[in-house]
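Student: Dropping a structure here in structure tokens format, bear with me for questions.
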Amino acid sequence: MRVALVFLVLSILAATHGDTNLDMERKEADESSLSEMKEMLLLQELQAVEAALFGKMNVENDENRDFREKRCGGYGMSCKSVQDCCGELDCRKDPSTWIDHPYCLNPKKG
């Protein structure tokens with residue numbers, strides 16, 4: 001009778017202990033699947049943000065793709081204002097010529 005009682009207690013303990021291991025494995029599997037789902041959601045959010053940022057950059061580049069930076073005029077080039085001339089050149093009429101158009105010339109000294 002004692003032997004049967006011992007086996008009964010051992011079988012009950014084994015069954016309850018085995019169930020806890022299975023429950024723990026199920027919890028770990030659920031947690032890992034949840035963490036994978038969270039990672040996938042985070043990845044999708046990051047991809048959406050990246051697409052939005054790079055999309056804006058591409059739109060700006062598309063808008064300005066035909067725009068070319070204005071070049072400055074060198075010495076002796078015709079100009080309309082000082083901003084048209086490179087560096088420290090002045091946009092002024094050359095008194096030594098009969099042409100009325102201003103040119104990029106060296107600044108007056110003094």
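Cβ atoms are placed via backbone N, Cα and C, with glycine included.
According to Swiss-Prot, the record shows the following:
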{"type": "SIGNAL", "residues": "1-18", "note": "signal peptide"}
{"type": "DISULFID", "residues": "C72-C86", "note": "disulfide bond"}
{"type": "DISULFID", "residues": "C79-C91", "note": "disulfide bond"}
{"type": "DISULFID", "residues": "C85-C104", "note": "disulfide bond"}
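Describe each of these features in terms of where it is and what it packs against.
Tutor: Less than 8 angstroms from the CB of C86 (disulfide bond) sit C72, G73, G74, C104, each of them six or more residues away in the same chain.
The DSSP secondary structure for C91 (disulfide bond) is strand.
C85 (disulfide bond) falls within a strand when secondary structure is assigned with DSSP.
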Student: Below 8 Å Cβ to Cβ and six or more residues apart, same chain only. Which residues does that give for C79 (disulfide bond)?
Tutor: G73, C85, C91, P102, Y103, C104
Student: In this structure, which of the disulfide-bonded residues C72, C85, C91, C104 has the fewest other Cβ atoms within 10 Å of its Cβ?
Tutor: C72
Student: Can you tell me the three-state DSSP label for C104 (disulfide bond)?
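Tutor: Strand, per DSSP.
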